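Q: Pulled from TrEMBL, these are the listed features:
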type     : residues                                                       : note
ACT_SITE : Thr40                                                          : active site, charge relay system
ACT_SITE : His43                                                          : active site, charge relay system
BINDING  : Cys38, His63, Glu64                                            : Zn(2+) 1 binding site
BINDING  : Cys93, Cys96, Cys99, Cys107                                    : Zn(2+) 2 binding site
BINDING  : Ile175, Asp195, Arg200, Leu262, Gly263, Ile264, Ile286, Tyr287 : NAD(+) binding site
DOMAIN   : 24-134                                                         : domain 'Alcohol dehydrogenase-like N-terminal'
Amino acid sequence: MKALVKKYAKPGLWLEDVEMPEVGKNDVLIKIKKTSICGTDVHIYQWDDWSQKTIPVPMHIGHEFVGEVVGFGENVHDVYIGEIVSGEGHLVCGRCRNCLAGRRHLCMNTSGVGVNRPGAFAEYLSIPVTNVWHCDPEIPLEILSSFDPFGNAVHTALSFDLLGEDVLVTGAGPIGIMAVAVAKHAGARNVVITDVNEYRLDLAMKMGATRAVNISKTSIEEVMKELKMKEGFDVGLEMSGNASALNSMIKNMCHGGKIAMLGIQQPGTSVDWNTVVFNGLTIKGIYGREMYETWYKMTALLQSGLDLSPIITHQFRYTEYEKAFELMMSGNTGKVVLNWD
Ligand code: NAD
Ligand code: ZN
């Protein structure tokens with residue numbers, strides 16, 4: 001089968017013929033229809049320090065996908081041939097305290113599809129049935145292919161009560177923009193998002209932001225004044241991984257405000273801890289998605305009218321992957337989808 005392989009320990013990906021994946025007795029074989037490109041895939045493409053330490057070479061990558069069930073092992077009973085499925089890219093151990101308590105998103109022994117084991121940028125993918133998400137086939141395939149990052153947005157955004165609250169999102173990457181749409185749908189009052197990229201700020205406005213702020217030109221304080229917000233934001237969603245964005249968020253939260261942090265900060269980032277202490281802030285780290293409460297909520301949000309369609313800005317056939325990755329690296333995209341049919 002064809003797959004996008006990290007064939008050499010250097011920048012790039014290579015379209016190669018690889019062996020079909022093995023299907024163990026608890027596994028489901030999926031014929032991939034569409035995949036989305038994640039920031040992580042871009043890091044692997046560019047071969048940054050993290051990728052060099054993490055990704056085995058050669059291996060095909062990718063973890064955001066939707067496809068069709070074409071086979072399964074002897075222990076699998078609750079899927080059917082032809083069923084449209086997506087899947088959780090984090091494989092958990094099932095044995096640690098958190099797994100046993102049903103908090104699988106907090107497993108201490110996760111491994112990642114397309115990171116630690118062969119991925120979804122391929123014609124076929126085999127994953128354990130416990131990682132399969134049964135899709136509502138009414139939801140468009142390109143949206144289903146982005147359920148993994150949509151799950152990051154939903155898990156982060158729904159960490160704290162949003163009804164009637166003022167929400168600050170830092171970072172208008174695809175996940176920050178989806179979080180804006182989720183927060184508005186969940187009943188937030190003002191949802192302000194910051195970035196330095198005008199393309200993405202425009203997209204955030206299309207997805208329902210109250211204000212999309214170019215932080216290189218306008219400060220958060222100015223926007224708060226304009227919105228007649230006197231006490232600061234109630235909820236913060238940090239989705240940039242940028243230290244100054246995090247600190248500007250901490251500074252502009254109300255006393256007792258709550259921050260959910262998805263963005264991955266550089267090691268050694270300095271944080272204004274005394275503002276956290278004196279203003280009584282809560283900071284919650286977010287990793288991945290809840291299995292499978294977040295997946296359930298994603299489906300329900302879409303079924304109750306949340307429109308994510310503007311976030312899918314580009315689609316390419318998988319053979320044009322180089323064009324797709326270059327576009328992602330330009331920053332002027334929402335989600336970029338590869339078609340495998
Ligand atoms: P992305 O890199 O596409 O988006 C980040 C955005 O932040 C960019 O648009 C960038 O222009 C913007 N930005 C840079 N400096 C800024 C500043 N000072 N103020 C405001 N915005 C600024 O990333 P994404 O795919 O949308 O993911 C969002 C973040 O979440 C990334 O840091 C990513 O690594 C992280 N992430 C974490 C998890 C997890 O499980 N914790 C999962 C997926 C992604
Ligand atoms: Zn575990």
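Using N, Cα and C of the backbone, Cβ positions are placed for all residues, glycine too.
Remember, TrEMBL labels are computer predictions, not curated facts.
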Q: Which residues of the same chain, at least 6 positions away in sequence, have a Cβ lying under 8 Å from the Cβ of Glu64 (Zn(2+) 1 binding site)?
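A: For Glu64 (Zn(2+) 1 binding site), the qualifying residues are Thr35, Ser36, Ile37, Cys38, Gly89, Ala120, Ser145, Ser146, Phe147, Asp148, Pro149.
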Q: Taking helix as H, G and I and strand as E and B in DSSP, count the residues of the domain 'Alcohol dehydrogenase-like N-terminal' (24-134) in helix, strand and coil.
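A: Each residue of the domain 'Alcohol dehydrogenase-like N-terminal' (24-134) counted once, the result is 24 helix, 40 strand, 47 coil.
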Q: If the criterion is a C-beta within less than 6 angstroms of any ligand 1 atom, which of the recorded positions Thr40, Cys93, Cys99, Cys107, Leu262 pass it? List them in sequence order.
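A: So the answer is Leu262.
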Q: Please state whether DSSP places Ile175 (NAD(+) binding site) in a helix, a strand or coil.
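A: Looking at the DSSP assignment, Ile175 (NAD(+) binding site) belongs to a helix.
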Q: Given the recorded positions Thr40, His63, Gly263, which one's Cα is the least distant from that of Cys99 (Zn(2+) 2 binding site)?
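A: Ranked by Cα distance from Cys99 (Zn(2+) 2 binding site), first place goes to His63.
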Q: Tell me whether Ile286 (NAD(+) binding site) sits in a helix, a strand or coil according to DSSP.
A: coil
Q: I'd like to verify something. Among the binding-site residues Cys96, Asp195, Leu262, Gly263, which ones have a C-beta closer than 6 angstroms to some atom of ligand 2?
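A: Once distances to ligand 2 are taken from each Cβ, Cys96 fall under 6 Å.
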